[in-house]
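Under the heading transmembrane segment, TrEMBL lists 66-88, 100-119, 131-151, 221-238, 250-269, 321-340, 352-369, 389-406, 418-439.
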């Protein structure tokens, strides 16, 4: 659809510089461009003065083909023809429910067509900026749907799901993954490892794939491991609310944390290492002479345009520490919403809506994390939080509010006393470390610095007195220099 082609005299501007100027306003682009991933002039790279140290160097010949040009009039013409056909040539059925559903779907499709062609680009441009604009518009539609559900009664909200799937709206029992936790069951002569095989369902590869993609979003091994382990502690803590959280100890720590999550994080980190070392040199497809090169160029269209290594540095400042803690909290809340939403809306785990929600978060989560990182790491060019990150946060909060409204009795079930003690101890340790690291330690270092400066000043004074003139020669030299400057 559109491709950014903003250039400066010294080469292409960096991705961060193209989004917003230090003054807060977005930079103007030439007609038909959408500068979220700018190509450089032929044979040139991103200007080193504008490219961050964690951002890869990009070479682009600047080819702007039909694939990248704006097609707003074409989309408008096709949309008008489709609406004209429905209005003039198609007979309207005398079915109110069917017409209501079709009218809602048509309204959503028109909005998506507008957003894909007119919405603001985000930080990603591969495989195409229109792809990420589509998911931005889907985020808006999903948030509006959640708000609609939030304003219904509990009964009406659950029965409304029947309009999406007639099989919904019926209370379903939660599956308990606990029970017999023996890895080797000697009482079962036929298959003593039946407990292990029973736990190997479709969620095992889903766990691995999910954490592989989450690692590509977060781009930090420590944050991924913290979120993975924290979620298992949350499952332990909340298994009295949702039986689905009741699992065997080896299911929590061996199958989930070590095998599925751990191996997914490991593969994700290997992929991140390859992406950080990859050469980002782009040529137009018709500028490549060999068929092998053309096929390789088509395959690389589904890889990032450039690469930015995330350096979260949570201990560098209180602002970054609170931001990282907030990211982990929202991430865990979104994970919990997956289980609580299907519980309160009576959706079976294998329902396609549950899968679509996960696919949705995979696509919008990566953009949201990049926008959050840019907002934290480069505030000169990013004066406000990105649009996709804002929507992801709003969606996560709205989902949680639906859970609170639809089943407050489940959420109000008190935690067991020993679990409450563990969480209080953990929170106190985090608060204690925060106070020590960003307040007590800084005050101590500041006092040491002041004491050192006082000692150096005292040493200078004693040195001057030992010369017998009672004052330092440094000020005299400075005064003499000032007098010479005035004369000149």
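Cβ coordinates are placed from backbone N, Cα and C, and glycine is handled just like the others.
Two recorded stretches are said to be in contact when at least 3 C-beta pairs lie under 8 angstroms, sequence spacing 6 or more; the transmembrane segment (352-369) and the transmembrane segment (250-269) fall short of this definition. Remote same-chain partners of the transmembrane segment (221-238), defined as residues 6 or more beyond its termini with a Cβ less than 8 Å from a stretch Cβ, comprise 211, 214-215, 245, 247, 252-253, 256-257, 261-262, 265, 268-269, 312, 324, 327-328, 331-332, 335-336, 415, 419, 423. Here the transmembrane segment (389-406) has long-range neighbours at 136, 139-140, 142-143, 146-147, 149-150, 154, 157-158, 330, 333-334, 337, 340-341, 344-345, 361, 364-365, 367-369, 371-372, 375, meaning same-chain residues at least 6 beyond its ends whose C-beta is under 8 angstroms from one of its own.
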